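Asker: After the structure tokens below, expect a handful of questions from me.
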Amino acid sequence: MASSHSVLMRLVASAYSIAQKAGMIVRRVIAEGDLGIVEKTSATDLQTKADRLVQMSICSSLARKFPKLTIIGEEDLPTEEVDQELIEDGQWEEILKQPCPSQYSTIKEEDLVVWVDPLDGTKEYTEGLLDNVTVLIGIAYEGKAIAGIINQPYYNYQAGPDAVLGRTIWGVLGLGAFGFQLKEVPAGKHIVTTTRSHSNKLVTDCVTAMNPDDVLRVGGAGNKIIQLIEGKASAYVFASPGCKKWDTCAPEVILHAVGGKLTDIHGNALQYNKEVKHMNSAGVLATLRNYDYYASRVPESVKNALVP
């Protein structure tokens, strides 16, 4: 019986299946060849047919099953009848076999806020940099990100025709994070991952101050956090407003569940209650290990320029 499982674990199990469906939609739009690209606020702020369809799919599927949730998605979409084939009503049974952390076992549906980025790394998606793309579903309680699902639609896409395309990573604070192999950057190496398409002097100054051995410039917040947990980068540094709550909610959970840390540039925790402003106006600093090493190197000039 579904009622024997906590609301949170049922929601995570459903969001896992919904995220997998989203990954299929993302791949289908590419395969059909018409991305339906629209510029939102600038040439680097794009929306595609996949962004629109995936958000409709995620939000409608969640709202149908959990009508009391607050769901906040990146895209402003017209309210219209959603095509039935976009609805996913399954749930991943493996998640329901896991115990709900006791501190979350009595949470009610109406106490949860879900932050949805239907396609994180849209610009890279339009340019064929498909491994940068993720689908993000983050779940918050009392302003704190507590559960998250990241689907990578094109994971393995360069591994040959026999490779299984796509994967879904998920995590709950107090339980752990699953669907990947945790790996750390070799000791003593400082590899910074930062924005590919939203750079400016502040971003550059902050990255330089980290005295990195290497700098990776890639798209998508979800993708950058995956780089941290898979040992490709040691710090994600983005000293600029521009990143939003739906970009960081799900990835933050995965990172925190394995002992990492994500804050703004000042070291403040991000807040995810439904009234909060959507912009992470004081940037992002995230690491799997050695957070203090990087936090101590953020220049005062950068901190002064970025007001929380």
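From the backbone N, Cα and C atoms, a Cβ is placed for every residue, glycine too.
Got these off TrEMBL a minute ago, pasting:
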{"type": "BINDING", "residues": "GLU74, ASP117, LEU119, ASP120, ASP247", "note": "Mg(2+) binding site"}
Asker: Near the Mg(2+) site, what residues other than GLU74, ASP117, LEU119, ASP120, ASP247 in the same chain have a C-beta no further than 8 Å from the centroid of the listed C-beta atoms?
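Answerer: Everything else in range on the chain: ASP51, VAL116, PRO118, GLY121, THR122, THR134, VAL135, LEU136, GLY220, ALA221, GLY222, LYS244, TRP246.
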Asker: On a count of neighbouring CB atoms within 10 A, which of the binding-site residues GLU74, ASP117, ASP120, ASP247 is highest?
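Answerer: That would be ASP117, with the highest Cβ count within 10 Å.
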Asker: Give the number of CB atoms, excluding that of LEU119 (Mg(2+) binding site) itself, located within 10 Å of its CB.
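Answerer: Other Cβ atoms within 10 Å of LEU119 (Mg(2+) binding site): 30.
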